[in-house]
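Features of the protein shown, as given by TrEMBL:
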| type | residues | note |
| --- | --- | --- |
| DOMAIN | 65-215 | domain 'Flavodoxin-like' |
| BINDING | 71-76, 122-125, 164-173, 199 | FMN binding site |
| DOMAIN | 268-538 | domain 'FAD-binding FR-type' |
| BINDING | 288, 569, 640, 641, 651, 652, 653, 654, 655 | NADP(+) binding site |
| BINDING | 455, 456, 457, 458, 473, 474, 475, 479, 494, 495, 496, 497, 726 | FAD binding site |
């Protein structure tokens with residue numbers, strides 16, 4: 001064993017001393033002043049370090065208005081921004097426009113006395129808050145929730161409410177009304193009347209009528225005068241002389257799509273899904289189309305469940321892109337690279353990725369295919385190329401009857417209105433030669449036209465049978481506009497469904513036949529190859545998609561009876577439901593033998609279409625599902641345009657078949673504790689079905705239809721009656 005020398009011991013001892021000094025340096029060398037200990041900010045603190053504190057942000061930015069929006073598809077957010085812009089233009093007041101899920105509400109009672117809170121709230125589903133407003137609604141409705149004053153009270157808080165809903169739904173504007181009621185209970189003071197927009201008629205007209213009465217009440221309540229603001233732009237658009245081409249967004253929806261890097265695919269980063277199969281579901285050669293598309297999600301990381309929705313990201317048709325490029329005088333420099341900067345990031349965020357090009361913005365990012373709103377026409381009138389065009393635009397803006405007759409009933413898009421105002425012909429393919437150019441700054445175009453949103457479809461497959469593909473069933477929207485003194489009746493085509501039809505035609509090498517008597521210009525074509533050709537690989541096309549979760553689900557116990565009502569494309573989710581049950585049946589039969597489904601509840605599907613030979617969706621599949629489910633699946637079909645008819649000659653619809661089967665339905669619901677699902681048209685079908693169900697249940701319980709309606713309400717509350725409807 002080696003023996004340490006005295007010098008080694010000394011060095012070792014010195015090392016120990018130095019190490020101890022380092023470890024206990026705070027105690028040895030600290031002054032007598034106590035050391036500060038970091039304290040977590042309390043919920044009452046307005047410290048700038050808390051990103052969820054909107055009061056601090058209001059004070060820091062000298063904002064007098066805070067606007068919260070409950071939005072599922074982006075529309076409520078658009079109206080929130082519009083209110084903020086008008087407050088700035090009219091009164092010089094700046095606003096904080098907020099997504100409520102990004103903030104805490106304990107200090108809502110601290111909003112200054114000279115300020116106000118504006119709630120722009122959409123109602124979703126069955127009278128539910130939008131996903132981003134769930135926490136806000138819980139805080140407002142929970143009497144145990146305390147604000148910073150230690151109470152569930154907001155005495156003297158000034159507030160405004162504008163709701164977005166659809167009158168065809170039972171719970172019309174339920175969330176806006178609930179916000180109003182809860183705030184009133186807590187002592188808050190509403191400014192003006194509660195606004196309610198009806199998407200079934202005209203959300204835009206309801207908003208315009210409401211705001212014209214609201215702003216005077218607002219000015220009085222906050223002690224401000226109109227004219228203190230100014231017409232300042234929201235964005236600065238700059239043309240870039242040189243920029244790396246690979247860093248320019250030409251329609252890519254996310255940075256990951258541009259750089260081709262992997263990541264989670266969602267609404268902020270859709271997945272370019274290859275189209276595995278696309279086919280026509282209606283009778284070939286008919287005057288209508290319904291497209292079945294199978295989207296390949298293998299390797300994408302995307303998962304789904306039966307009843308979920310798929311968001312399809314379309315583009316604007318070529319003719320409308322060309323039309324607006326010509327009307328804005330930008331056709332010759334459509335590929336010029338531009339950058340867009342927000343001049344007030346708190347109010348107006350750049351709505352799409354930049355840098356981009358003029359043509360990419362119009363094709364991929366903003367909704368130029370929507371009917372032109374009345375308010376935007378007034379904004380653009382000052383840029384009219386002639387006194388006649390100016391007068392035309394101002395008349396449409398000030399005369400809502402004229403606007404309704406010409407623009408709304410004529411289904412005129414912005415580019416078409418600009419052409420019409422300038423005296424151009426709108427039924428010829430637009431060119432710089434036949435279209436008058438308007439000197440409209442592009443920043444105003446970006447500010448005035450909302451972002452192009454995804455179109456949502458109920459997924460028509462089950463991951464149990466189709467784990468690597470999502471199926472879409474989309475009827476192609478095509479209808480005739482109402483003729484007026486300026487524009488004849490013409491075909492109007494929906495953006496999303498006609499985009500899918502274009503994909504089907506291209507994928508199968510088909511040609512689109514022009515509608516009889518209609519010029520080819522009215523048939524929309526799309527740049528379906530995608531930005532930089534990224535959405536086409538050889539003969540395979542790709543569609544940007546993401547999945548949106550739903551609560552529209554089968555009961556987990558297969559012993560529960562299930563009643564499904566889905567005429568037309570309302571049958572889409574029920575194809576997924578049946579596939580879900582078929583997959584379970586296969587496993588159960590394999591494990592337990594031929595009698596394994598004996599105690600399963602009966603599954604009934606009520607389906608309707610025009611004719612069994614024309615538009616019977618998935619006609620060849622249902623018998624196979626019936627066989628696999630061993631008699632547990634029954635399909636009831638109503639064909640409205642073929643015999644049999646009612647004794648009075650009337651058409652038979654799904655609600656008639658439900659009434660005919662009333663004994664079994666009442667037994668399934670009342671005794672079997674069954675579940676009912678309705679999918680499809682909200683305006684007529686859904687209401688009619690609920691009414692006949694109420695009648696059936698009322699009679700079965702020995703009471704009135706009112707008693708049946710009470711049972712329907714109870715079923716909804718317990719999620720035994722679920723709806724996935726649209727108007």
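Keep in mind that glycine also has a Cβ here, set from the backbone N, Cα and C atoms.
Curation plays no part in TrEMBL annotations; they are all automatic predictions.
Structure coloured by features recorded in TrEMBL.
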{"residue": "71", "record": "FMN binding site", "Cβ neighbours (10 Å)": "22"}
{"residue": "122", "record": "FMN binding site", "Cβ neighbours (10 Å)": "27"}
{"residue": "125", "record": "FMN binding site", "Cβ neighbours (10 Å)": "18"}
{"residue": "166", "record": "FMN binding site", "Cβ neighbours (10 Å)": "21"}
{"residue": "288", "record": "NADP(+) binding site", "Cβ neighbours (10 Å)": "12"}
{"residue": "455", "record": "FAD binding site", "Cβ neighbours (10 Å)": "21"}
{"residue": "457", "record": "FAD binding site", "Cβ neighbours (10 Å)": "23"}
{"residue": "473", "record": "FAD binding site", "Cβ neighbours (10 Å)": "24"}
{"residue": "653", "record": "NADP(+) binding site", "Cβ neighbours (10 Å)": "20"}
{"residue": "655", "record": "NADP(+) binding site", "Cβ neighbours (10 Å)": "24"}
Which binding-site residues (122, 125, 457, 475, 494) fall within 10 Å of residue 288 (NADP(+) binding site) by Cα distance? 475
Please name the residue among the binding-site residues 169, 726 whose C-beta has the most neighbouring C-beta atoms within 10 angstroms. 169
Site extent for FAD (largest Cα pair distance over 455, 456, 457, 458, 473, 474, 475, 479, 494, 495, 496, 497, 726, Å): 22
Rounding to whole Å, the Cα atoms of residue 655 (NADP(+) binding site) and residue 726 (FAD binding site) are apart by 17
Checking the binding-site residues 457, 473, 726, which are within 10 Å of residue 169 (FMN binding site) at the Cα level? 726
Cα-Cα separation of residue 473 (FAD binding site) and residue 653 (NADP(+) binding site), in Å? 21
Given a 10 Å Cβ-Cβ cut-off, pick out the one of the binding-site residues 74, 496 that has the most other Cβ atoms nearby. 496
Can you give me the average pLDDT across the domain 'FAD-binding FR-type' (268-538), rounded to a whole number? 93
Taking every pair from 288, 569, 640, 641, 651, 652, 653, 654, 655 (the record's NADP(+) binders), the biggest C-alpha distance in Å rounds to 24
